[in-house]
Amino acid sequence: MDDASTLIDVKEYPGTEVQKNRVLTLEEWREKWVDGKIGFHQEQGHQLLKKHLDTFLKGENVLRVFFPLCGKAVEMKWFADRGHCVVGVEISELGIREFFIEQNLSYSEEPIMEIPGAKVFKSSSGNISLYCCNLFDLPRVNIGKFDRIWDRGALVAVNPGDRKCYTDIMLSLTRKGFRYLLAVLSYDPTKHPGPPFYVPDAEIKNLFGSTCNIHCLEKVDVFEERHKSWGIDYIVEKLYLLTEK
């Protein structure tokens, strides 16, 4: 694993299993949206993505970009406005509808025949498609392959016991020459049960190391007042670029 030079020294807990059996149900995630408990949403978009956008896109045009557990991420419109094709998956129909409304985008919706009860929401422009379903059901649908994956708030939200299955799905969606940008969080997992869950460097290497080159682009202190209620006194965000070996 190639590591970025940084002044931030992050304590790692590679052997901890304190969050190993932690499980959040899909209904609990839906309830977070209904109750407005979406502190993970960033209205101004992700600053590290903005900073490293050129590294991510590599000057290429008309890319297919995948957003796992997309919520109402404003970055989806950024990419669509630049001519890229955006596909996302999100369990909360409310989150998807709020995205289209807040971005002032007209859209249509239709059932996903392969997944009972699931829907796909498509922008009228045709370059944003958001699937409202369980991410782990997504392999039943042929959504094609992707040039780029922007994984922020996804791996850290997946129940720890499901990470291997999640990673297998993500890598199955990649095209040759893909670039996968991954944001994870480091904090003391003995003090906060998650989500967002703690993902140590060793776990990233274990999940992606056999198929991907792993490069840490940056580490930033993202501690805010609201994090005090989690019982932690530091939280660091790490941005990784994963590329094909």
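Backbone N, Cα and C atoms are what each Cβ position is placed from, and that goes for glycine too.
Taken verbatim from Swiss-Prot:
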| type | residues | note |
| --- | --- | --- |
| BINDING | 29-40, Leu69, Glu90, Arg152 | S-adenosyl-L-methionine binding site |
| BINDING | Phe40 | substrate binding site |
| MOD_RES | Lys58 | N6-acetyllysine |
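Structure with Swiss-Prot features highlighted.
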residue: Trp29; record: S-adenosyl-L-methionine binding site; contacts (Cβ under 8 Å, 6+ apart): Ile91, Ser92, Ala157
residue: Glu31; record: S-adenosyl-L-methionine binding site; contacts (Cβ under 8 Å, 6+ apart): Lys37
residue: Trp33; record: S-adenosyl-L-methionine binding site; contacts (Cβ under 8 Å, 6+ apart): Ser92, Leu94, Gly95
residue: Asp35; record: S-adenosyl-L-methionine binding site; contacts (Cβ under 8 Å, 6+ apart): none
residue: Phe40; record: substrate binding site; contacts (Cβ under 8 Å, 6+ apart): Gly71, Gly153, Ala157, Pro196
residue: Lys58; record: N6-acetyllysine; contacts (Cβ under 8 Å, 6+ apart): Arg179
residue: Leu69; record: S-adenosyl-L-methionine binding site; contacts (Cβ under 8 Å, 6+ apart): Val89, Glu90, Ile91, Leu135, Gly153, Ala154, Ala157, Val158
residue: Arg152; record: S-adenosyl-L-methionine binding site; contacts (Cβ under 8 Å, 6+ apart): His46, Leu49, Ala73, Leu181, Leu182, Ala183
